[in-house]
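Structure, as structure tokens:
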Amino acid sequence: IITTIACDHHLHTPMYFFLLNLSLLDLGSISTTVPKAMANSLWETRTISYQGCATQVFSCLFFLTTEFYLLAVMAYDRYVAICKPLHYGTLLGSRACVHMAAAAWGSGFLTALLHTANTFSLPLCQGNAVDQFFCEVPQVLRLSCSHFYLREVWFLVVNIFGDFAIFIFIVVSYVQIFRAVLRIPSEQGQHKAFSMCLPHLAVVSLFVATGVFAHLKPSSISSPFLNIVVSVLYTVVPQTVNPHIYSMRNQQLKDAI
């Protein structure tokens with residue numbers, strides 16, 4: 001996908017520019033967790049260095065947070081394209097697209113940096129076993145014996161409320177898209193629009209719901225199996241199905257490939 005969009009000048013449009021960024025994020029995100037988990041499984045080991053754990057936490061937060069912000073930008077792109085087609089060139093010029101993508105990457109970087117620095121500044125004295133197939137903030141916080149871990153918990157809560165507001169923006173954008181699509185007289189056009197937009201919304205909803213649950217679930221319902229299932233649902237599944245939803249069902253991209 002990355003190579004096709006970069007090499008085919010017909011795909012040098014805002015939608016494919018954002019798709020290129022999404023593909024880079026998906027590649028980075030899944031490369032942060034899956035290879036290490038596979039290596040641990042093959043070599044029957046579960047060890048990771050302290051620096052490696054901190055790097056994994058930062059990388060995972062960076063790619064996942066940036067991807068979420070970029071999905072909001074892509075929802076806005078589709079909203080303008082379908083609901084305000086005459087203003088598309090004005091609202092989403094090349095400079096505006098670069099600024100929005102840069103804002104998503106920059107916001108993801110700052111969020112990941114703050115969470116990682118906040119988490120690993122705490123003293124860890126509850127052992128060194130992370131009950132997960134990768135290092136994530138809630139599992140590392142469980143190893144802390146300092147009351148200062150509440151600072152990171154509150155930061156997580158505030159951040160999740162902000163993410164929920166972005167999720168509402170995405171949902172409202174798609175609702176406006178669906179309203180515009182229903183006014184299309186062609187049933188074929190309606191089917192095409194719904195077949196593209198509904199899977200997008202479903203994956204975003206899965207991504208947000210499982211991510212929030214993983215970070216805010218009470219310890220009373222926590223179990224190793226549940227932790228792994230929920231983490232796979234927000235760190236592996238969306239990144240695996242995104243190429244199919246956004247690209248392999250796109251005839252223009254298939255023709256370019």
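Glycine is no exception: its Cβ is also placed from the backbone N, Cα and C atoms.
A quick note: this is a predicted structure, and the numbers were derived from the prediction, not measured.
Some features that TrEMBL has for this protein:
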type: DOMAIN; residues: 1-246; note: domain 'G-protein coupled receptors family 1 profile'
type: TRANSMEM; residues: 15-34; note: transmembrane segment
type: TRANSMEM; residues: 54-76; note: transmembrane segment
type: TRANSMEM; residues: 96-114; note: transmembrane segment
type: TRANSMEM; residues: 153-175; note: transmembrane segment
type: TRANSMEM; residues: 196-215; note: transmembrane segment
type: TRANSMEM; residues: 221-241; note: transmembrane segment
Average pLDDT across the domain 'G-protein coupled receptors family 1 profile' (1-246)?
84
Considering only Cβ pairs within less than 8 angstroms, which of the stretches 54-76, 196-215, 221-241 has the most against the transmembrane segment (96-114)?
54-76
